[in-house]
Amino acid sequence: MASNSFGHLFKMTTWGESHGKAMGVVIDGCPSGIFLTEQDINQELYWRKPGRNELTSPRLEEDQVEILSGLFNGQTTGAPISLIIWNKDVNSSAYEGMHTLFRPGHANYTYSNKYGIFDYRGGGRASARETVCRVAAGAIAKKILSDVGISVVAYLYSIGEIEGKIELSDHVNNVPLLQQTIRNSSLFSPSPAAEKMKGVLEEARKEGDSVGGIVEAMAFNVPCGWGDPVYEKLEANLAKAMLSIPASKGFEIGEGFKASQMRGTEHNDLFGIQNDQISFVTNHAGGTLGGISTGEPIIIKVPFKPTSSINKVQTSLNEKGEICDYRLPTGSRHDPCVAIRAVPVVEAMMALVLVDAFLMSKFCQLN
């Protein structure tokens with residue numbers, strides 16, 4: 001199985017299965033001299049971990065990282081950084097009676113056809129459990145970005161049809177407070193609409209169903225000049241990163257699809273001067289032009305489908321092509337809305353793209 005690596009200069013390779021012994025990630029290309037501890041990574045993993053509240057999967061994982069290599073006297077050495085996170089709360093018995101059945105909305109049909117074998121325990125490699133590796137790598141990327149004054153923040157923009165959009169202008173001067181407000185919310189939403197979102201979630205869960213949602217992410221203080229033209233556009237790499245997250249179904253930057261309904265006079269971001277620097281009066285483009293950052297905040301949205309594992313009887317097929325009923329196995333544990341715990345994953349993937357762009361930007365001019 002190929003394609004387990006992401007990035008160019010700052011490259012991560014993840015490994016492990018949902019019900020295997022452990023999850024892990026190797027980071028190649030991290031600069032030397034970055035002060036790093038396991039706690040730096042663990043505090044990011046905490047926000048993604050299951051069982052943190054009643055709105056997420058009841059699977060109870062410690063999600064504590066061990067740094068195996070790439071560190072000396074508390075600093076990165078430039079050598080590959082190897083991280084491992086042990087799986088502690090695995091219950092594969094719930095999946096034993098359904099290994100020949102194609103689960104609606106899941107990857108076992110496509111994986112089985114492609115590879116001829118599939119680890120059906122909790123979805124194996126296709127499970128969102130893999131994202132724990134991304135958040136671990138993203139913690140290091142965020143630390144590097146923080147050292148150059150860049151912040152990445154994501155929040156739950158919507159659940160179902162209930163939106164909780166926040167106004168960027170209200171928070172651009174106090175990003176740490178915004179981050180804390182988001183993380184104080186069980187839904188990762190700083191909006192007054194969070195209670196309505198919770199109501200939609202509870203209703204779906206009581207009915208044995210699930211619900212989708214949208215995550216919005218923002219990067220502040222990214223300078224003009226990151227990203228490369230044509231095939232390595234900053235937004236193209238962000239899109240690839242976001243669409244690689246399990247259950248993601250789209251990508252928008254700036255006005256996104258709404259731009260198709262606007263006129264040029266509405267969408268064009270006019271130039272201005274602020275603090276004696278060239279800036280923009282608006283930011284409809286979302287922080288990039290020609291695939292290169294403009295210096296404005298980078299704003300993206302990522303929609304997530306409803307969780308495929310639902311407590312409803314669904315018609316399906318087995319490997320022999322026989323029609324059969326599929327029921328959620330007794331004892332299986334799933335998120336009623338994957339978009340909630342996707343918030344720190346989106347943050348991590350955005351940070352990984354940006355730190356790669358940061359390192360790449362060092363090679364574009366020799367003077």
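Cβ atoms are placed via backbone N, Cα and C, with glycine included.
Here Swiss-Prot flags Arg48 as NADP(+) binding site, drawing on sequence analysis. Marked as FMN binding site by Swiss-Prot: Arg125, Ala126, Ser127, Gly290, Lys305, Pro306, Thr307, Ser308, Ser309, Arg333.
Listed in sequence order, the residues of the same chain lying 6 or more apart from Thr307 (FMN binding site) and placing their CB within less than 8 Å of its CB are Ser210, Val211, Ala247, His334, Asp335, Pro336, Cys337, Val338. Ser309 (FMN binding site) is 19 Å away from Arg48 (NADP(+) binding site) when you measure Cα to Cα. The most densely surrounded of the binding-site residues Arg48, Arg125, judged by C-beta neighbours within 10 angstroms, is Arg48.
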